[in-house]
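K.L.:
Summarising the annotation, TrEMBL assigns domain 'NADP-dependent oxidoreductase' to 22-256. The active site, proton donor annotation in TrEMBL covers Y48. The site 'Lowers pKa of active site Tyr' annotation in TrEMBL covers K73. Here TrEMBL flags H106 as substrate binding site.
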Amino acid sequence: MKTITLNNGIEMPVLGYGVFHVSPEECERCVADAIHTGYRLIDTAQAYYNEEGVGNAIVRLDVPREELFITTKVWISNAGEEKAARSIDESLRKLRTDYIDLLLVHQPFGDYYGTYRAMQKAYREGKVRAIGLSNFYGARFVDLTENMEVKPAVLQVEAHVFAQQTVMRETIAPYGTRLMAWGPLAQGADNLFKDETLRGIGAKYGKSNAQVALKFLTDEGIIAIPKSMHKERMKENFEIFDFELTEEDRRAIHRLDTGKLKVDHNDPVLAKFLLDYDKNFNPSN
Ligand SMILES: NC(=O)c1ccc[n+]([C@@H]2O[C@H](COP(=O)([O-])OP(=O)(O)OC[C@H]3O[C@@H](n4cnc5c(N)ncnc54)[C@H](OP(=O)(O)O)[C@@H]3O)[C@@H](O)[C@H]2O)c1
């Protein structure tokens, strides 16, 4: 597996498997299938309510823990130094592990300063190997990063061939922060799988649109975590290291960038939805 080195020196796979919208019941099976396929990076979150499924899969399978790279995220309802610290211990328990490889602040809402402080402490205590942010754009990213000692190793944001995040990549570069793409297949939007440019490029190498799109991201040094519930698609998304894109291919894919995101974190309606999310969607409420 191709890896990249984070700003604290640790190695992280450049391709992984995400479990957003995977039910707790299905999660163990999906993560086991993904690990059997060859994935070593798994991306979950407190707010996916399926960390236990990830934990059960990693304990059940015969893969040494140090070969795996487990990412999770602190949700808004656990924001603030004390609550976040407790929630990190809860994530460790659910994930059935002594350490989390990468821990992110999931959303730029609530007391995320307190959350990040708790994450820095967990990092220093060895409970977490790297910390970072998700969905922090522009000034919010710079403000938190400038004020914290441990610079984010990773920023996870929406990124795909139609939204290549060129500005954010420039913003985070001075801190050595690496971009991690959520929705690397544009969340299954048809236009990606039917796009003629991707199709034309893939035809030259016997590869699908999904494979070309993921290859492009990882070539750019962007960590990609496609999600699929289907084993054959997990395999398809994993088989991207046996062909090369040319400069001309890359230029054509750069031209697909519209800069438009599907999810706008400056939208007050989204902010309210996310602030109420745990109340409305936590299955244990
Ligand atoms: N930090 C955040 O706020 C945030 C937000 C969203 C996501 N994420 C993370 O990023 C991961 C990936 O993002 P995502 O799940 O939203 O979207 P995605 O990976 O871009 O797309 C997933 C969708 O594409 C379909 N799909 C996957 N591979 C395919 C293939 N080869 N051909 C055709 N269809 C395919 C899947 O369907 P099937 O499952 O039916 O195959 C699913 O509908 C998440 O699972 C999560 O870990 C983070």
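Just so you know, glycine gets a Cβ as well, placed from its N, Cα and C.
Predicted automatically and left uncurated, TrEMBL annotations should be read as such.
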K.L.:
Quick check for the class: what is the C-alpha distance, in angstrom and rounded, between H106 (substrate binding site) and Y48 (active site, proton donor)?
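P.N.:
Just about 11 Å between their Cα atoms.
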K.L.:
As a test of the contact definition, list every same-chain residue at least 6 positions from Y48 (active site, proton donor) whose Cβ is closer than 8 Å to its Cβ.
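P.N.:
For Y48 (active site, proton donor), the qualifying residues are V19, F20, H21, V22.
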K.L.:
Please report the number of other Cβ atoms within 10 Å of the Cβ of K73 (site 'Lowers pKa of active site Tyr').
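P.N.:
Here the count is 25.
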K.L.:
Quick check: in three-state DSSP terms, what is H106 (substrate binding site)?
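P.N.:
Its secondary structure by DSSP: coil.
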